[in-house]
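One structure is given here, and the rest of the page talks about it.
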């Protein structure tokens with residue numbers, strides 16, 4: 001057994017367990033059917049599928065050796081991770097809209113916008129996952145192989161370019177969100193003639209949280225995306241594993257950042273597992289900017 005494959009399988013198992021719990025909580029709790037939690041559920045579903053894909057890839061690699069199965073599992077992984085990254089972008093857009101259009105955010109137009117974003121994200125991810133199965137692979141042309149077999153160099157270049165574009169869009173949106181948060185703090189200071197300590201702490205905490213979110217996302221995926229572009233298939237496979245493994249950690253961290261820190265989901269967990277609260281407990285509606 002390749003120890004790197006074992007670590008990827010263990011990582012996939014942890015990812016699947018974490019995100020399965022989030023999906024179960026959101027499906028179990030009627031109060032968590034708001035657009036904000038629909039996006040969190042989409043992210044958890046994508047990460048859950050990615051975790052299952054890592055497990056299946058390990059099983060089929062050592063139990064059922066088949067080129068067809070290899071293409072299917074790789075395509076499944078590409079689609080799942082693409083859906084995860086796309087869901088993160090959708091959550092970022094939703095947070096920006098909740099601050100930029102605060103007065104009209106809770107309207108039917110916002111719900112339609114979110115559902116359209118998710119449909120587009122999952123549709124594009126599915127198409128990317130089908131590319132290897134439909135023939136964009138290097139099974140019959142080893143010279144076209146990338147650092148991630150059986151994907152071709154042009155395939156991973158497309159995936160990497162898509163990631164860089166999404167990362168830049170998220171970076172721009174988070175910078176705009178920081179500007180809006182600081183502007184709100186400045187307006188409060190003008191109204192009260194000074195910025196209270198609580199508002200200063202809240203503003204600093206909000207900006208720090210955004211930096212952690214973007215920093216975690218970049219630190220997880222950037223090394224792998226860069227290596228896919230500059231790497232050569234002749235390089236030792238350990239380089240591919242060493243950059244791919246941290247990328248999977250992003251799906252392990254996502255539930256902690258976007259779900260388990262949320263008070264409504266924490267309370268739903270108590271209802272689901274401990275019955276410490278009434279099933280019809282009241283929930284305080286919060287905007288995505290609070291999560």
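Heads up, the Cβ atoms here are built off N, Cα and C, so glycines get one too.
So that you can see what the record holds, here are the features copied from TrEMBL:
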- 6-29: transmembrane segment (TRANSMEM)
- 18-258: domain 'G-protein coupled receptors family 1 profile' (DOMAIN)
- 36-64: transmembrane segment (TRANSMEM)
- 70-91: transmembrane segment (TRANSMEM)
- 112-136: transmembrane segment (TRANSMEM)
- 156-175: transmembrane segment (TRANSMEM)
- 207-226: transmembrane segment (TRANSMEM)
- 238-260: transmembrane segment (TRANSMEM)
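Counting C-beta pairs under 8 angstroms (sequence separation of 6 or more), the transmembrane segment (6-29) reaches the transmembrane segment (238-260) with 3 or more such pairs. Here the transmembrane segment (238-260) sits against the transmembrane segment (70-91); at least 3 CB pairs are under 8 Å, leaving out pairs fewer than 6 apart in sequence. Counting Cβ pairs closer than 8 Å to the transmembrane segment (112-136), the top stretch among 36-64, 156-175, 207-226 is 36-64.
Among residues of the same chain six or more beyond the transmembrane segment (36-64), those with a C-beta under 8 A of the stretch's C-beta atoms are 1, 5-6, 8-9, 11-20, 22-23, 26-27, 70, 73-74, 76-77, 79-81, 83-84, 86-88, 90-91, 94, 98, 114-115, 118, 121-122, 125, 248, 251, 254-255, 258-259, 262, 264, 286-288, 291. Tertiary neighbourhood of the transmembrane segment (156-175): same-chain residues 78, 82, 85-86, 88-89, 92-93, 95-96, 128, 146-148, 210, 213-214, 217-218, 221-222, 225-226, 228-229, selected by CB-CB distance under 8 Å and a gap of 6+ residues from either end. On the 0 to 100 pLDDT scale, the domain 'G-protein coupled receptors family 1 profile' (18-258) averages 85 in this prediction.
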